[in-house]
Amino acid sequence: MTFNAIESYTKAYASFNTSSFPLENALIQSNRTCTLSESWEWIFSFQPIYMWIVFVLGFIENMFVLIVFLLHKKRCTVAEIYLGNLAAADFLLVCGLPFWAIYISNKFHWPFGSFLCVFINGLIQLNLYGSIYFLMMVSIDRYLALVKTMSFGRMRTGRCAKLNCLLIWIFAVVSSMPKTIFRRIRYFPEFNVTACVIDPPSPSWNVASGLLLTLVGFLIPVTVISYCSFHIINVLRNNSMQEFKEINKEKKASKK
């Protein structure tokens, strides 16, 4: 996101400073540049405020959820284990939002050094993959509980859930590595800013990274969640219809 934004800003700046086009084209280009500048000023002004609000609300709410789970006297259920790890992943995300809020308000000047450039963006990528797969595991758990109660009931144990969470954290770390290891502090003299950007080794890397995100971060979890939700809805609907028929039978029997 940051790299593309700065690249767009660079192109607009270069186009605006080109003197080889006619007057009519120059006026059009000037209007476009003004619109672009106004858009960026809006981002610099309002997006940090939005991030600070999300940080405050997310920090309080996720911290509350984590404290509740940690102080839980009874053994957590399978669903609670997944939801607790989901809250932990979201908590990591909101902890990185203040850095990005300051970064954007500084007009993409990163003042926190190379380590935090890599670390903070690594947390964001970690949340991206971790949260969606914890949600997927919640859907799978509900599917096993309602649809495959007899077949896979033994799989719904706390030990199995904790193992699944460990595997998801490892998977999230591995999946977030491509966009984390290529994070760099890069100086842009045309804007006099030192930005935290992704510096890919080749153009094909962007394509591969986009495909990985689309497949692993979207298509697979959404397909699994949709499949589980569809069958859960069918089971609940059939159960409701069966209960409705039994109630009607009881009413008819009582009238006789």
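Keep in mind that glycine also has a Cβ here, set from the backbone N, Cα and C atoms.
Here's what TrEMBL has on this protein:
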DOMAIN    61-256  domain 'G-protein coupled receptors family 1 profile'
TRANSMEM  49-71  transmembrane segment
TRANSMEM  83-104  transmembrane segment
TRANSMEM  110-140  transmembrane segment
TRANSMEM  161-182  transmembrane segment
TRANSMEM  211-236  transmembrane segment
Checking distant contacts: for the transmembrane segment (211-236), what same-chain residues at least six beyond its ends satisfy Cβ-Cβ under 8 A? 128-129, 132-133, 135-136, 139-140, 142-143, 146-147, 175, 178
Residues from the same chain, set at least six apart from the ends of the transmembrane segment (161-182), whose C-beta lies under 8 A from its own: 78, 81-82, 85, 89, 118, 121-122, 125-126, 128-130, 133-134, 137, 141, 198-201, 205, 208-209, 212, 216-217
Over the domain 'G-protein coupled receptors family 1 profile' (61-256), work out the mean pLDDT and round it to an integer. 87
